[in-house]
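Everything below concerns the one structure shown next.
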Amino acid sequence: MTKIIGLTGGIASGKSTVTKIIRESGFKVIDADQVVHKLQAKGGKLYQALLEWLGPEILDADGELDRPKLSQMIFANPDNMKTSARLQNSIIRQELACQRDQLKQTEEIFFMDIPLLIEEKYIKWFDEIWLVFVDKEKQLQRLMARNNYSREEAELRLSHQMPLTDKKSFASLIIDNNGDLITLKEQILDALQRL
């Protein structure tokens with residue numbers, strides 16, 4: 001029987017770093033963000049759906065999605081956020097299910113990194129859920145530094161996600177990412193050894 005572990009957190013919580021450590025330990029990880037980027041690539045299913053919905057102003061000079069512009073258009077308007085979620089989630093869910101079913105054929109244990117795992121009701125897909133947790137202030141600082149956001153813009157982005165403190169009750173394991181990389185890696189390696 002295959003064991004599937006869902007990995008979640010919030011924006012700038014450190015999920016990518018955790019995913020990297022898990023992969024380096026020999027486990028397969030389906031990364032929802034990478035799946036979305038492929039679907040949003042020129043000619044992809046999401047690319048087509050977004051282009052039909054918002055028109056060519058979401059494209060850059062090369063005909064690719066202008067992600068910052070797209071993000072601004074979606075986050076600036078609550079109706080756009082709802083439409084975007086409805087439009088994108090079914091396409092993303094379908095692709096993630098396909099990749100999950102493929103890995104079930106070859107892996108005893110694998111992970112799926114899904115930022116909105118709880119919000120988009122993926123919980124039943126998993127035997128365990130690992131939450132990458134970081135304090136809100138640290139999350140804000142990382143988001144501002146990583147994306148060059150003002151504090152106001154970073155707070156706006158966080159306000160559109162379920163707080164990490166609320167996600168704790170869904171987690172089988174909480175990975176505390178408030179410390180340094182060595183401490184983070186030790187936590188993950190300990191958890192992987194218990195599998």
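We count from 1, first residue shown onward.
Just so you know, glycine gets a Cβ as well, placed from its N, Cα and C.
According to Swiss-Prot, the domain 'DPCK' annotation covers 4-195. Per Swiss-Prot, ATP binding site is recorded for A12, S13, G14, K15, S16, T17.
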Query raised in the report: Long-range same-chain neighbours of A12 (ATP binding site), Cβ under 8 Å, sequence gap at least 6?
Result: V134, Q139, L140, R142, L143, R146, N147
Query - Other residues, Cβ within 8 Å of A12, S13, G14, K15, S16, T17 Cβ centroid (ATP site) - result: G9, V18, V132, V134, R142, N177
Report task. Could you say which of the binding-site residues S13, S16, T17 has its Cβ with the most other Cβ atoms inside 10 Å? Result -> S13
